[in-house]
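Taken verbatim from Swiss-Prot:
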| type | residues | note |
| --- | --- | --- |
| COMPBIAS | 7-23 | compositional bias 'Low complexity' |
| DOMAIN | 93-106 | domain 'CRIB' |
| DOMAIN | 138-319 | domain 'Rho-GAP' |
| REGION | 1-59 | region 'Disordered' |
| REGION | 321-343 | region 'Disordered' |
| SITE | 178 | site 'Arginine finger' |
């Protein structure tokens, strides 16, 4: 009873001390209304955790379903590839395991790819005449190579420049390879050469300068593989030839091409005023690369002598080869191969005609001499008759008329005989002169 009264009193008579108890007594109703109560906060956290768990379970389910679909697809493809049915296996892409697709195409550094389908052509960019962006200052390994007339493998751009230099009469121009071209035109021609084009209105001096520049701008000089001591010690032609054989194949081909180019220039020395020493002097600094300018200048003198010796030897070899082609003077109508040359045949034909003409002339002169002898005999007989008549007339006649008549007959007979003898002597002199 006491407890009930107390509870009723606390409910009907609020007091400051009982206010808290009232709030506590009515906690079940107030807890649902106050959002900041500890009970509501914990419940809200539980609900969020449940939602997170449900989302994770949903993601796991979706992932597992996707994996199951992927695994089933792979399983079907593998099973389909392993099935013994030929039709099914032929349709599968992954069945061939050892397949090679070989395509043969032609690559032209001047015009790009050749032989590709038409639909691929617009996508293929045009390339420079070498694998690099320029033909100057790059290695010969990255350039298009061709064979020259001597079988040397050299860059195609060098052969193009050489051909244009020869066709434009550059070898006959005075000071070729010594006189430099215009800088502005040289830069323009460089750009055109990088495109694989040589302009038509090019100056031969500019073209010759670009040939020297090509050698000068190589990553490594043509003679850099040889030591300066080896070059200095090579003085004779045989020593220089042996030294050239020590060069790598690429450098040896480039040097042989350059030496023959310089020899062609020297053969036109009367027109271009460039002898072996002059052309070797302008090419020597372009064949080596040294950091020290003074050392490079001193070494260039030795290289000049080396190049000069090779040029002179090349000219000698050319002269010997030309002499072998021309048949030597031989009295025999046949040469060392047993064949008759056209000039030899013509010479013998002219000689035979001359001998035949002389024989005919001798026969004719012999006939005329015989006729002249007969005439002389007749003249002699007539002279004897005249003498006889003269003596008879002198002895028998006593007047001057008879003497006058005898003198006229004698003069006429003697003049006729002398004219015949003179004509015979003239024929003999003519025959002797013809001999």
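Glycine residues also receive a Cβ, built from the backbone N, Cα and C atoms like all the rest.
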- [ ] Enter the number of other CB atoms within 10 angstroms of the CB of residue 178 (site 'Arginine finger').
- [x] 17
- [ ] Restricting to the domain 'CRIB' (93-106), report the mean pLDDT as a whole number.
- [x] 64
Task: DSSP-derived class (H/G/I helix, E/B strand, else coil) of residue 178 (site 'Arginine finger') - done: coil
